[in-house]
Structures are given as C-alpha cells and as structure tokens.
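Trainee: Below: one structure in structure tokens.
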Amino acid sequence: MATQTDIPDVSDDKRALAFQSLDPYLNNTILFAFLHGIYTGMVAVTLSKIFSRGRGVGINVMTLVVIVLYVLTATNFAFSWSTKVYSFIRHGQNFWTVYMTYDSSESVLSKLVRVGPGISGCISTVIADSAMIWRCWIVWGRRWRVILLPLVFMVLGTAFKILQIRVVLQVTKPVINYNTCTTIYVSLTLATTLLCTLLIVYRILSIEWAKPKLVGTRSYNLGAYRNVIEVVVESAALYSAALIVYIVVIFQDGTVLDYIDTIAGFIRAIAPTLLVGRVASGHSRPDDSWGGSAISSLHFGAGGHTQTGTDSRTEDLTVHNNNFVHDVEAQTLAGQPDEERVKVYQRVEANTVAD
C-alpha cells in the first residue's frame, strides 16, 4: 500500500499540474469507450443494411471501407485502454508515479501515446478521404482531372502527418513545430472533404438542371437527388465541423483539445459509415432508375456503367428515359411503338437545343 512518504516533495503547482494532466488522460478513455459503443451499433446496422441489398463492386468497396475503419478504431481503443492499465495499475503506487509514466517525454509510454494513435489516425484519414475521392471520381464519369486537386490535398496532408509523427520521435529540437504540422494536416484534410463534397453536389445539380422541362417553367425538381445530396452534405458537414473546431482549439492551452481529438477521431470513422448506411437503407432512388448513369454508383449498384459523353444534355436524355414525368409528350409514350418513341425523343432533343 502506498504511503505519503512514497510521494516526493513537490510544490503545490506541480501537484496541481499532475492532477490536471491525469484528469483528461483518464476521462478520455471513458469517453472513448462510450463513443465506441455507439459506433459499434452504427456499424452493425450499416452492415446488415448493406448485405440485405445484394452485392456489387461499389458495395464491396464501401463494405471494406466500413470494416477497415472499424478495425482501426477498435485497435486504437484497445491501445488507449492498455496505456491506462500500464499507468494506473502497473505504476499506480500514487498519483506521482502515474504522472511520471505519462509525462516523461523519454518514456516509452509517452511516445506510444502520441505515435500509436497518430499512425492509426493517419491510415483512417487516408481511407476516409480515399472513399470520398473515389465517389467523386465515379460521379464525374471517372474523370481524373476532376479529382486531381483533392488527391494533391490528401497526399500533402499525409506527408505532414508523417512529419508530425517524426517530430514526436525526434530527440533533438525539430525544425518544424508539432502544432504547426497538426494544423496544416487538419487543414488539408478539411480542404479534401469540402472540395469533394462540393464537386459531388454540383455534379448532381448539373445533371438535374440539364433535364428537359415544361416550356415556360424555370423550377427544378430534385426528386430522388435530394436524398443523395442530403446524405453527402450531412456526412461531410459532420466531419468538417469537427475539423474546424479542432483547428480553432489546437493552439489553446488546456484539456479541451484532448476531448476534441477523441471526438474528431470517431467522427472521421462515423461519417463514411453514416453515408453508406443511409444510402444502403433505401433513402435514395433504386439503382435501375438511373439507367447506368454516373450517379448510380452513389447507390452502390451492381453492374452499372458510367456515361463519359461530353454533352450533358444528350447524356441526360438517354439516362432518364424512364423519368420524363415532367414532360407532357413523354407521358403519352406508354404502350406506343418504338418508332413513335424515337420521334418524340427527337422532338424533345430539338426543342432543348433550340432553347
């Protein structure tokens, strides 16, 4: 049993600093466990929805993303738990011994606490950003030039994250500050997420705007696109908000950064899971209604092929042959011969070009 004599003679300021540091160090694990339970339930529901809707190339990729992100997060949680056991159980004679195992910059635990989650966080960020970039690439008809800038942001962000980990392991004084590396890394991650979100939403809106409409009308009916936009925006907004808060508090001294870091790490994994889960649960138009358009990949359909034509109007007329509910002539096509359908398509296309 530890006695008072086991505690070295330290000033009251050092005692207060020790307790102030150990408070978030322990409470973060409790918060981690709480969030991990919520995340586990979300992953279970998402996977059940995915497997109930069949299989395909898109669904296989996104299922792999969800599973890998969960494994990395669970590994990070196990690592955090083990460090607390090392500090509070194996070196828990008193508060000072616990504090020294945590605070000593030369200790193995101190480096592992910062390097271990950093490595798993870097991998998770690359996977989450890659999934967003992949969806953007598919939506834009596999055009590499569209995702070039997000790819550059992701690569640069990964480089600064590696540099941040190197700063932790470096014995001598580093050339660049730890907080500076973190700020640049988070900023580039935020830029990647926001840019991909804007590109996806713009692509959906541009296809909707190209649809033929009644003469004299200017309104656009997003229809089933609205759910897709909501899913993309909401999932990205959740992640972006966490990154913005992280950037704001990163240079502030205090314990709030530790909690924000834990919450942001979970949102990074929850955002793609939320996106996949909502789409897989049927909050979008069925796959066959897209007729093989680029947007069908958002629904993870099997066997869909993207359109690569440069004329968006012609592409839209071909893709949405089952969706002319806003065109008077198209509503009369049911039950008519194929020749008459072709004539109507030609008249609609001629009117669109004339506009």
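A Cβ is built for glycine as well, from the same backbone N, Cα and C atoms used for every other residue.
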Trainee: For the annotation transmembrane segment in TrEMBL, which listed range does it cover: 115-134, 255-274?
Mentor: 115-134
Trainee: Please give the sequence-distant neighbours of the transmembrane segment (146-164): residues at least 6 beyond its ends with Cβ less than 8 Å from one of its Cβ atoms.
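Mentor: Non-local partners: 118, 121-122, 125-126, 129-130, 132-133, 136-137, 140, 176, 178, 181-182, 184-185, 188-189, 191-192, 195-196, 199.
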Trainee: Under 8 Å between C-beta atoms and at least six residues away from its ends: which parts of the chain pack against the transmembrane segment (25-45)?
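Mentor: Residues packing against the transmembrane segment (25-45) from afar: 66-67, 70, 73-74, 77, 80-81, 84, 87-88, 102, 258-259, 262-263, 266, 269-270, 273-274, 277.
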